[in-house]
Each structure stands twice: as C-alpha cells, then as structure tokens.
Amino acid sequence: MAQIEKLLVALFLFAVAQSIILVDATISKSMYITWGSQHASMQGEDLQLVLDQTSGSAAQTKKAFLFGSIESRIKLVPGNSAGTVTAYYLSSTGSQHDEIDFEFLGNISGQPYIVHTNIYTQGNGSREQQFYLWFDPTSDFHNYTIHWNPIEVVWYIDSIPIRVYRNYENEGIAYPNKQGMRVYTSLWNADDWATRGGLVKTNWSGAPFIARFNHFRARACKWNGAVSINQCALNFPANWWTSPTYKQLSYAKLGQMNWVRNNYMIYDYCRDTKRFNGMMPPECFKSQF
C-alpha cells in the first residue's frame, strides 16, 4: 500500500512539474498578432506595434498562465504621443474576467509619460494607480514585469517595484487566483480619455506611431483548466513563485517602492474619497506591502 501511495504522489508531482513553463522562446514563437496585421510586425525577439488613422494593432500569447513572472522590454511611442495608449497586460475572458494591467498613456512632447496600473477581479476593476516615469521611456528599452503568486501581485519597472496588491480573499476581498490569463499587448487610439482626460487629441500628422517590444519572458505556470488552480498554487520547489522569498518585498525593495510612490505617484484610488462617496474599497484599509 505504501508503494502505491508513493507512486501516486510521484505521478502527481510529475503532473505539477509538467505544468511549469519557461518561455525562453522568441516573441514570434510565444505570441501572434491579433489585429492590425497589415502594419504590425513580429520577427524573432522583436514585436513592433503600429497605430495610424486606419487601425491600431495588438498581439497575445498562445498560452494562458496562472502565477509566475511575466516580463517584456518596451520602447514607447516617441515624440507627441498624446491620445495614444500602449497596453501590456494579463487577462482572462468573459464578464467575470481577471486582469492585471500596465497601460502607458501618451503625452505631448516634453511632458512625462503616465503609467496607468489596474487590477480586475471577477470583472470588477476601478483599482487604478498612476505614476509619472522617472526616465524617458522612448529613448531606449525598459523592463516591465508583472509578478503574480497566491500571496501578492507586484508591478516592477526595471526591477523596481511600484505597486503591490495582496491576497485578502479570506476576508472577502476578491483576488485573481482561479482563472488562467494570457498576455496581451496593444497600441490604440484613446484620445477620448488618455491625455488630460481627453482634452488633448491625437495629432495624426505624427503617424504612424510605433511601440516596440522585445525580450518577452513568461516564467509561469501553464493553465490547463481547473486542475491548475491547485497545481499552480502548491508550495512545491518547481513552483518557485510560492517560496518565502516572494511572499513579501525585501527591505531594500520596499525602500525602492516608497521612493517611487513618494516622488512619482500621481493618482491612487484608495485616496479618492469623492469618487467612492466615502465608501472606500475594503482593500484600501489593508496593508499591501
């Protein structure tokens, strides 16, 4: 009987290990263009999204994931990019979808880009935090990473954490841990809201607008349906994201994040009492980091 139990455990652990995926392949092997294929391009490690008056463009991963680390290097639209949005995010599908967002809101030349972050759980978002960038994101590529595990979601820019959303599901606060999510990228016209609340419109004389991506990596647990909900959350060596190292930011990382938030944060939904008529979302009363 003991031998049978050992065999069953071994088979289970093998199944878990098989669900772990490290995408070291090129972008062109991991993703495909979903719209705007007439002018977007993908070759080897490089993805180029284009926006003009006829269309924007977008791409997504072939696989969905549940927990892990998703990263890409991005070079944003240069010059007068007002009205444009470059999006890079994780999302499931349907009205009850989960989603973890990076969106880069275009700017008038000389003004800083805005990084717009959000998280949806079971179809509910409205958890926006926004930041100015402390560098020129159009002159070179920079790394943008979403680290997601059963304990917390952390947004990183060049390895510096800017935001944390922790799991308080046991207190009735929804957390994205039961739906596999694909990675999406897009470049589109959003001049009804993107720059100064829609006051500044897209200047089409500057088209085509181009955003460039490379070095996409998904060190993550492959979504294989409902069985992945437990498999991907197991505290098991192959599930490296469940190790104690990733349950709490280090003191040094907390210092980096506080520097960003003290100097570059421009909007936090948890401080917007007028928006919620005093009925603040419950996670706003919880420690996030």
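Including glycine, each Cβ sits where the backbone N, Cα and C put it.
What TrEMBL says about a protein is an automatic prediction, not a curated fact.
Per TrEMBL, these features apply:
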type	residues	note
ACT_SITE	GLU99	active site, nucleophile
ACT_SITE	GLU103	active site, proton donor
DOMAIN	23-213	domain 'GH16'
CARBOHYD	ASN107	N-linked glycosylation site
SIGNAL	1-19	signal peptide
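Feature map: TrEMBL annotations on the structure.
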{"residue": "GLU99", "record": "active site, nucleophile", "contacts (Cβ under 8 Å, 6+ apart)": "TYR89, LEU90, SER91, SER92, ASN118, ILE119, TYR120, GLY125, PRO176, MET181"}
{"residue": "GLU103", "record": "active site, proton donor", "contacts (Cβ under 8 Å, 6+ apart)": "VAL85, THR86, ALA87, TYR88, TYR89, VAL115, HIS116, THR117, ASN118"}
{"residue": "ASN107", "record": "N-linked glycosylation site", "contacts (Cβ under 8 Å, 6+ apart)": "ASN80, SER81, ALA82, TYR113, ILE114, THR195"}
Rounded mean pLDDT within the domain 'GH16' (23-213) lands at 94
